[in-house]
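Structure first, commentary second.
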Amino acid sequence: MASSSPSGTSSGSSSTLMQNSGSEEDLQALMDERKRKRMISNRESARRSRMRKQKHLDDLMGQVTQLRKENHEIMTRINLTTQHYMNVEAENSVLRAQANELSHRLQSLNEIIGFLNGSSNEHNNNFDVHEDLSSTSTSFGFPEPAADSFLNPFNLAYLNQPIMASADNMFLY
């Protein structure tokens, strides 16, 4: 019992080696298979990642295009609004000048009426602003002036001047 045959020992150990090397080969094959699957999975994951990045880039490029279009439309509207504002501002300047001129004319006419009221009391009146206008009034309801009156249109030609404000010369610097 103490001695064993050399063939038994060798065949036992070679079968153990074969089992070991079979299991090592199986283990190596299993590891290679896992490695191959991981490589395939990593490649697929990288491909999906590239596709997501490309889609994201395409989406961003689409947004850039859309935002540029909106920006152009907004700038066009701003330019039109600015032009409209400038036109309205010019028209307002003309209207302010006309209102100022009319205000000065009204002030002058009021001064003339005040003067005539004062002189009509002194000169026994050509017409009185307070008297009944039915007998000496024009079709506009104003009293008809006497021929030698201060209200003779030929004597006061400067009051009949047109208003000379226009937008053409408002912005000359």
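Any Cβ shown, glycine's included, is placed from N, Cα and C.
According to TrEMBL:
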COILED    57-112  coiled coil
COMPBIAS  1-16  compositional bias 'Low complexity'
DOMAIN    32-95  domain 'BZIP'
REGION    1-53  region 'Disordered'
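Taken as a whole, the coiled coil (57-112) shows an average pLDDT of 96 in this prediction. Applying DSSP to the domain 'BZIP' (32-95) sorts its residues as follows: 64 helix, 0 strand, 0 coil.
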